[in-house]
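Chemist: Dumping what TrEMBL says about this protein:
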type	residues	note
BINDING	45, 46, 120, 121, 147, 149, 160, 161, 162, 163, 164, 165, 184	NAD(+) binding site
ACT_SITE	45	active site, proton acceptor
Ligand code: NAP
């Protein structure tokens with residue numbers, strides 16, 4: 001098996017990386033940063049986002065595994081003291097491939113068009129923090145004119161990230177959908193938005209038309225791009241999916257409970 005390893009860069013993650021390489025060599029695995037079968041991240045969910053973006057050009061070929069250096073995460077669901085167990089399972093067991101939907105974002109400016117893929121979400125704000133204004137269309141029909149701090153469009157697995165902080169719903173990643181959440185919309189007699197999160201199925205799309213004069217801060221997961229001259233943004237569920245290699249069950253709702261509710265025992 002060929003694997004690539006990416007760590008958060010802190011001392012513990014780097015130590016665990018060394019440990020992984022040593023144990024993996026004993027098992028006959030080969031480190032390969034160019035064409036790995038499996039990509040392992042050591043750090044947190046944020047590190048897995050980085051690993052995803054490093055290898056998204058091979059998203060149809062690779063499976064991801066996340067090792068968390070702290071608490072268990074949503075993508076990083078192995079603990080730091082379980083590396084030997086994980087490698088033994090990688091050697092002896094065929095994993096289940098769990099696939100999660102991704103978000104496709106196409107951004108058109110006066111002079112260019114670019115496509116981005118997000119694992120968690122896409123966010124849109126004014127670059128200088130001023131009020132952001134944009135027209136929102138759903139399936140080519142005008143829906144609302146948004147005025148406020150910004151907009152987040154998330155995947156189901158990203159629904160527990162930025163989206164949840166904005167009051168969005170938590171969506172099970174087996175549902176192929178995207179969710180639009182507002183950041184502090186201005187609602188008065190003049191400006192009106194729906195005011196609640198909207199969930200679109202795979203065959204729908206959402207278009208955002210900001211003022212092309214505006215300087216925008218565009219977030220794609222952990223990445224931030226500054227852009228001007230944006231004429232339109234088309235968001236839809238991507239055709240491709242991300243795969244995670246699962247060697248043991250860790251149901252999504254258990255992860256949600258562990259992260260946000262706890263065991264309930266005092
Ligand atoms: P960060 O600001 O250093 O950390 C953001 C936190 O979000 C970390 O605790 C991270 O977990 C956690 N996280 C990442 N993906 C998640 C998911 N799908 N469900 C639940 N929690 C998740 O940034 P980062 O580590 O580079 O991660 C970027 C992500 O941060 C963005 O994609 C966005 O979802 C989130 N974010 C949230 C807010 C907010 O809630 N107000 C604002 C900006 C960005 P780990 O500690 O395990 O890495």
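Including glycine, each Cβ sits where the backbone N, Cα and C put it.
Keep in mind that what you see is a predicted model, and the values were worked out from it rather than measured.
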Chemist: Check the binding-site residues 147, 164, 184 for any whose Cβ is under 6 angstroms from an atom of ligand 1, and report them in sequence order.
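Modeler: The binding-site residues passing the 6 Å Cβ test: none.
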Chemist: Judged by the number of other CB atoms within 10 angstroms, which among 120, 160 is the least packed of the binding-site residues?
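Modeler: Among the binding-site residues 120, 160, the sparsest Cβ neighbourhood within 10 Å belongs to 160.
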Chemist: Given a separation of at least six residues and a C-beta threshold under 8 Å, show me what packs close to residue 45 (NAD(+) binding site) in the same chain.
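Modeler: Same-chain residues close to residue 45 (NAD(+) binding site) (Cβ under 8 Å, separated by 6 or more) are 66, 68, 73, 74, 75, 76, 161.
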Chemist: What is the biggest Cα to Cα gap, in Å, among 45, 46, 120, 121, 147, 149, 160, 161, 162, 163, 164, 165, 184, the residues listed as binding NAD(+)?
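Modeler: Between the most distant Cα atoms of the NAD(+) site, 31 Å.
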